[in-house]
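Visitor: So that we are looking at the same thing, I have put the structure below in structure tokens.
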Amino acid sequence: MSKLIIFLLATLILSSNAAVQDFCVADLKAPESPSGYSCKSVTNVTVDDFVFSGLSAAGNTASIIKAAVTPAFAAQFPGLNGLGLSAARLDLAPGGVIPFHTHPGASEVLLVTQGSITAGFVSSANSVYLKTLKKGDIMIFPQGLLHFQVSHAGYTSVGFVFFSSSNPGLQITDFALFANDLPTKLVGATTFLDEATIKKLKGVLGGTN
């Protein structure tokens with residue numbers, strides 16, 4: 001399994017855009033721009049900038065979605081900056097779900113390493129591509145398309161995802177609709193949900209108005 005993870009990372013690295021310099025380790029003290037972080041001075045770069053151990057530990061699944069995402073993006077793993085790749089760990093307790101969401105800046109590869117995860121995405125033509133994945137299975141989610149993951153095991157399922165960007169971006173559909181101050185009447189007009197349901201969802205996710 002570890003060899004498969006190494007192969008996936010190597011493939012993403014080889015497919016990333018060629019750089020003018022060897023690397024651009026993120027200067028986390030500087031502001032982030034749409035193109036990423038500025039480069040830390042090479043004299044301050046150490047091997048630790050290219051090593052990240054944060055994906056070895058399980059995430060805390062004690063939340064409403066019964067799932068946890070542990071990112072290894074440029075902000076957590078400075079050596080990724082500018083290389084066009086990143087990763088994350090998914091921990092899904094029984095019944096856990098990563099709700100419908102998109103990554104505007106990257107395509108995604110999911111590798112299941114424990115348990116069983118039902119995953120799928122919806123194309124721009126509203127075609128649904130759905131599969132229950134077991135240990136060792138891989139699934140691709142094209143850039144910008146709505147997708148999700150749900151645990152179907154009686155124990156915690158674990159997966160690792162790899163992105164074609166050091167900062168793939170994230171927008172969760174449920175949160176975009178119900179976790180802010182978008183007026184209830186407008187949410188109803190655009191989703192065809194009744195007002196009581198919208199207010200209930202806003203109450204659960206922390207939305208107002």
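From the backbone N, Cα and C atoms, a Cβ is placed for every residue, glycine too.
What TrEMBL records for this protein is below:
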{"type": "SIGNAL", "residues": "1-18", "note": "signal peptide"}
{"type": "DISULFID", "residues": "CYS24-CYS39", "note": "disulfide bond"}
{"type": "DOMAIN", "residues": "53-199", "note": "domain 'Cupin type-1'"}
{"type": "BINDING", "residues": "HIS101, HIS103, GLU108, HIS147", "note": "Mn(2+) binding site"}
{"type": "BINDING", "residues": "HIS103, GLU108", "note": "oxalate binding site"}
Visitor: Quick check for the class: what is the C-alpha distance, in angstrom and rounded, between HIS103 (Mn(2+) binding site) and CYS24 (disulfide bond)?
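Guide: Just about 23 Å between their Cα atoms.
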Visitor: Ranking the disulfide-bonded residues CYS24, CYS39 by other Cβ atoms within 10 Å, which is at the bottom?
Guide: CYS39
Visitor: Apart from HIS101, HIS103, GLU108, HIS147, which residues in this chain have a Cβ no more than 8 Å from the mean position of the Cβ atoms of those residues at the Mn(2+) site?
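Guide: Near the Mn(2+) site, beyond HIS101, HIS103, GLU108, HIS147, sit THR102, PHE121, PHE141, LEU145, LEU146, PRO168, LEU170.
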Visitor: Determine, using Cα-Cα distances only, which of these binding-site residues is closest to CYS39 (disulfide bond): HIS101, GLU108, HIS147.
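Guide: For CYS39 (disulfide bond), the spatially nearest of the binding-site residues is GLU108.
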Visitor: Over the span of the domain 'Cupin type-1' (53-199), count residues by DSSP class, listing helix, strand and coil in order.
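Guide: So the counts come to 25 helix, 59 strand, 63 coil.
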Visitor: Measuring Cα to Cα, how far is GLU108 (Mn(2+) binding site) from CYS24 (disulfide bond) in Å?
Guide: 23
Visitor: Work through the binding-site residues one by one (HIS101, HIS103, HIS147) and point out the residue whose CB has the fewest other CB atoms within 10 angstroms.
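Guide: Result for the binding-site residues HIS101, HIS103, HIS147: minimum number of other Cβ atoms within 10 Å at HIS101.
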